[in-house]
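Chemist: For reference, TrEMBL lists these features for the protein:
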- 10-120: domain 'Acyl-CoA dehydrogenase/oxidase N-terminal' (DOMAIN)
- 124-219: domain 'Acyl-CoA oxidase/dehydrogenase middle' (DOMAIN)
- 233-381: domain 'Acyl-CoA dehydrogenase/oxidase C-terminal' (DOMAIN)
Amino acid sequence: MIFRYASWMTDELSILADITRKFFQTEFLPYVERFHAKKKVDREFWEKAGEYGILAASIPEEFGGAGGNLSHDSVIFGELGYTGDMSFGLFVHNIAVHYVLAYATEEQKQRWLPKLASGELIGAIAMTEPGTGSDLQGVRTSAVRSGGEYVINGSKTFISNGQISNFIILVVKTDMNHGAKGISLVGIETDGLDGFRRGRNLDKLGMPGQDTSELFFDDAQVSAHNLLGGIAGQGFGQLMKQLAWERLMLGIIAVGASQKAIEETVSYTAERHAFGKPVLEFQNSRFKLAECKAKLELLRAYVEKCIGKILCGELGAEEASIAKLTGSEIQGEILDECVQLHGGYGYMREYLVARMYADARVQRIYGGTSEIMKELISRSLMS
Ligand SMILES: Cc1cc2nc3c(=O)[nH]c(=O)nc-3n(C[C@H](O)[C@H](O)[C@H](O)COP(=O)(O)OP(=O)(O)OC[C@H]3O[C@@H](n4cnc5c(N)ncnc54)[C@H](O)[C@@H]3O)c2cc1C
């Protein structure tokens, strides 16, 4: 279990952790090679995840969910990281769910949440554009009101779940004359939407099983009822408020993945012999793994504290940024050591640590780069 000793852990959450681990072991990991080859996860797998309640842990029961909260999501994301495979784009689906939970009108919640819980709708969040990533205020995708509809034009890139999602939280400008105040979020149901097109499924350094795509909108018309929360110009504030959970989630995944990498490397070095003894018996191997373990335990303690704070509504932006920055940096350092301790086999994709090493690199880039995290943390020093 990833968060066994956390102050917020309960028997119910322990059971959820066990069930989730079994689910990933039996329903996900045996199929990842197929997902890698197809460059996306099967829709049937999403529906199965829906049946197990994995897509809807924090959706209230009245909307078809399991009625949990962020502690349930945290346990699930710890286990997702521990699979060592990032094909399943649950984190962006979960982000879409939390936007709907936090900001949607009652009618929107009724319309979207039950389908997001079952997997009938697969979620994505589309902020990044070819011309702007870190600087969100610079988005150019426009949504112009025309009667009862918005007409959307623009393009997005690097969108996780971009090929398989059919529900996108789209970041648009409803007022091109304003920066942050002109930004709104629109919930887009893509099935049968004229003027919407998916571009390439992008070829990445890692995460081969996860679809990351371009999206294009050419005079796509959606009902004005799809504006998230129903009031234009609130998107930037909505994005900022959700970022704490999004960043913490990446820190949680880093804990699970780092634990998996260390366990994998202990097993490998115990079996692999050099100079007549297991590689694990060299002092260097034990010391390197000891350093990895020490880093992991410090990270785990910090992330557990942050989860406790977000459950009370007290997690600050800088703490979430520290969890994301430190989590992704430590995950990268640990994976680098684990590859080294595997020798040449650590560079071969048939070994888990090689794939995890490639997957880990993006953790320092998406969800806000390490540099942006440092910018945010440094602001708290000066206030
Ligand atoms: C695999 C993958 C999946 C992704 N999934 C999604 C998704 O689902 N939805 C989505 O909207 N986006 C997604 N992204 C996009 C991701 O969030 C952006 O790539 C990221 O925010 C950085 O933006 P950028 O690529 O435009 O880099 P830029 O903003 O151009 O940054 C380039 C460099 O400049 C640095 N920099 C920028 N501004 C500053 C500053 N103020 N101070 C110091 N340094 C700075 C950055 O840190 C970086 O090193 C994904 C990206 C990848 C690679």
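The backbone N, Cα and C atoms fix where each Cβ goes, and this holds for glycine too.
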Chemist: Could you give the mean pLDDT over the domain 'Acyl-CoA dehydrogenase/oxidase C-terminal' (233-381), rounded to a whole number?
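Modeler: Across the domain 'Acyl-CoA dehydrogenase/oxidase C-terminal' (233-381), the average pLDDT comes out at 97.
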Chemist: I'd like the per-state residue tally for the domain 'Acyl-CoA dehydrogenase/oxidase N-terminal' (10-120) from DSSP, helix first, then strand, then coil.
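Modeler: In the domain 'Acyl-CoA dehydrogenase/oxidase N-terminal' (10-120), the DSSP-based counts are 80 helix, 0 strand, 31 coil.
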